[in-house]
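Below is one structure, written out as structure tokens; the observations come after it.
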Amino acid sequence: MERNLKNVLVISFGFLLLFTAYGGLQSLQSSLHSEEGLGVASLSVVYAALILSSMFLPPILIKKLGCKWTIAGSMCCYIVFSLGNFYASWYTLIPTSVILGLGGAPLWSAKCTYLTIAGNSYAEKAGKNGKDIINQYFGVFFLIFQSSGIWGNLISSLIFSQASNRVEISEENLACCGAYDCLTDTTNTTGLAEPSNSLIYTLLGIYTASGVLAVLLIVIFLDQIKPDQAETEKEILETPSFCSTFLATFQHLKDKRQCLLIPLTMTSGFEQGFLSGDYTKTYVTCALGIHYVGYVMICFSSVNSLCSLLFGKISQFTGRKLLFALAAVTNTACIIALLLWKPHPKQLAVFFVFPALWGLSDAIWQTQTNGLYGILFEKHKEAAFANYRLWESFGFVIAFGYSTKLQVYIKLYILLSVLVLSMVMYGAVEYLEAKSSPGTPTATKKENVGPLTEETDM
């Protein structure tokens with residue numbers, strides 16, 4: 001096997017093992033640690049720390065440690081978060097969430113840098129186009145990585161399904177599920193909402209072991225960057241200082257289009273935050289039990305991955321406007337239905353319909369918004385995508401931050417309001433584009449932005 005391809009596979013399977021653990025834990029936080037909103041508070045802290053981390057840590061760590069050891073060290077931050085879940089409290093989970101958030105940005109930046117260097121190195125030796133090889137490497141990476149959402153959630157559901165303490169959920173308890181939840185810890189009274197400590201420790205043990213295996217895989221099998229690649233690495237890592245990057249990010253807000261796209265970018269954080277923080281707790285766990293959370297999120301992840309591939313290909317025929325409209329209509333229909341629907345165990349199929357539709361719309365938000373940024377701000381991509389990460393993460397922070405303070409129906413109205421505002425603002429962006437180039441159709445080509453699309457998964 002060609003050596004660079006071997007390294008790509010090592011990184012891919014390392015990320016698969018790591019995010020099998022983190023993805024499963026993220027889906028369970030609101031249900032597993034529902035007391036005083038500890039679970040969603042920890043997720044809010046993770047994304048707040050990620051915002052700070054992305055501004056200055058990646059170039060510093062990669063220059064000091066190199067790509068390999070930055071990846072290995074950042075992965076250890078995720079293991080610390082898994083360990084914090086063993087004895088979850090405000091004094092353990094919040095600090096470990098900060099550590100995870102700080103490690104998230106260097107991890108993804110080092111991965112992108114390493115794959116880029118490997119692609120350019122092989123292309124130079126084989127006499128091929130560097131961009132084509134890099135695209136192939138990222139394609140291999142995401143093909144393997146995206147299945148982590150399936151495995152992590154499958155493990156949690158299989159383990160929690162072994163519990164013998166399931167109880168019949170009373171109609172009185174079911175009345176506190178759904179949009180008009182009782183703002184109390186209702187999940188504690190429903191079937192399997194509190195799995196035994198032995199099952200929780202078993203799950204956390206598997207997740208922690210998965211993270212440790214990921215680190216060992218990187219440390220043992222991932223090659224260091226060769227000396228003859230030093231110049232390539234230097235070029236890639238010649239990033240501006242923290243101050244200049246920080247200023248460039250906010251100077252980019254002088255562009256009207258960037259300001260108009262803020263609600264659209266935040267929508268991605270809001271809608272993902274609602275699904276993993278509120279839907280899993282007040283609909284799935286409340287009415288069915290925590291053992292169904294994994295199966296529901298598998299449905300979301302599977303549809304999301306398939307639709308990301310599908311919409312990435314058909315956007316060149318349909319154009320982005322039609323796809324954005326489809327996502328908006330789908331999300332709006334789901335929000336209205338969630339406001340009206342009273343979840344009940346007898347309606348099992350309905351619990352999977354919503355994450356499937358949510359996965360369809362999220363695939364559009366992710367692929368098309370990334371593509372839109374790449375097309376509109378081609379000359380200022382670094383500042384533009386810094387804004388993308390900033391505002392999407394800000395949407396996560398807000399969504400998780402108010403999760404325990406408001407009833408679900410209020411959060412659904414907020415999500416609907418942000419969605420409507422984002423579509424109005426997006427329409428204004430398309431109008432400005434059409435006005436600036438009346439003789440040229442708005443570009444619909446989706447650029448390759450795979451490595452940026454998945455950074456929301458931490």
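From the backbone N, Cα and C atoms, a Cβ is placed for every residue, glycine too.
Taken from TrEMBL, the feature transmembrane segment applies to 39-57 (among others).
Tertiary neighbourhood of the transmembrane segment (69-88): same-chain residues 11, 14, 18, 21-22, 25, 32-33, 38, 46, 58, 61-62, 95-97, 99-100, 102-104, 106-107, 109-111, 114, 201, 204, 207-208, 211-212, 214-215, 218-219, 222, selected by CB-CB distance under 8 Å and a gap of 6+ residues from either end. The transmembrane segment annotation in TrEMBL covers 69-88 (among others).
According to TrEMBL, the feature transmembrane segment maps to 94-117 (among others). Under 8 Å from some Cβ of the transmembrane segment (94-117) lie the Cβ atoms of residues 7-8, 11, 15, 22, 41-43, 45-50, 52-54, 57-59, 61-62, 67-68, 70-71, 73-78, 80-81, 83-84, 134, 137-138, 141, 225, 229, 232-233, 236-237, 451, 454-455, 458, all in the same chain and six or more residues away from its ends.
Tertiary proximity for the transmembrane segment (137-160) is limited to same-chain residues at least six positions away from its ends with a CB under 8 Å from its CB atoms, namely 4-5, 8-9, 11-13, 15-16, 18-25, 27-28, 111, 115, 118-119, 192, 195, 199, 202-203, 206-207, 289-295, 297-298, 300-302, 304-305, 308, 448, 450-451, 454, 457. Positions annotated as transmembrane segment by TrEMBL: 137-160 (among others).
As annotated by TrEMBL, transmembrane segment applies to 199-222 (among others). Long-range contacts of the transmembrane segment (199-222) within the same chain: residues 6-7, 10-11, 13-18, 20-22, 24-25, 32, 68, 71-72, 75-76, 78-79, 82-83, 85-86, 152, 155-156, 159-160, 162-163, each at least 6 residues beyond the stretch ends and with a Cβ under 8 Å from a Cβ of the stretch.
According to TrEMBL, the feature transmembrane segment maps to 289-311 (among others). Outside the transmembrane segment (289-311) by six or more residues, the chain places 23-24, 27-28, 31-32, 146-147, 149-150, 152-158, 160-161, 163, 166, 187, 190-193, 195, 275-276, 279-280, 323, 351-352, 355-356, 358-360, 362-364, 366-368, 453 with a CB less than 8 A from a CB of the stretch.
Long-range contacts of the transmembrane segment (323-341) within the same chain: residues 178-179, 271, 279, 283, 311, 315, 350, 354, 357-358, 360-362, 364-365, 368, 408-409, 412, 415-416, 419, 423, 426, each at least 6 residues beyond the stretch ends and with a Cβ under 8 Å from a Cβ of the stretch. Annotation source TrEMBL lists transmembrane segment at 323-341 (among others).
Within its own chain, the transmembrane segment (347-365) is flanked in space by residues 267-268, 271-272, 275, 279, 283-284, 287-288, 292, 295-297, 299-308, 310-311, 323-324, 326-328, 330-331, 333-334, 337-338, 341, which lie at least six positions past its ends and keep a Cβ under 8 Å from the stretch. Annotation comment: TrEMBL describes 347-365 (among others) as transmembrane segment.
Positions annotated as transmembrane segment by TrEMBL: 386-404 (among others).
Long-range contacts of the transmembrane segment (410-429) within the same chain: residues 179, 257, 260-264, 266-267, 270-271, 274, 278, 324, 328, 331-332, 335-336, 338-339, 376, 399, 402-403, each at least 6 residues beyond the stretch ends and with a Cβ under 8 Å from a Cβ of the stretch. For 410-429 (among others), the entry in TrEMBL reads transmembrane segment.
Feature annotation from TrEMBL assigns region 'Disordered' to 438-458.
Among residues of the same chain six or more beyond the transmembrane segment (386-404), those with a C-beta under 8 A of the stretch's C-beta atoms are 30, 36-37, 40-41, 43-44, 47-48, 50-51, 54-55, 245, 248-249, 252-253, 258, 262, 265-270, 272-274, 277-278, 369-370, 373, 411, 414, 452, 455-456.
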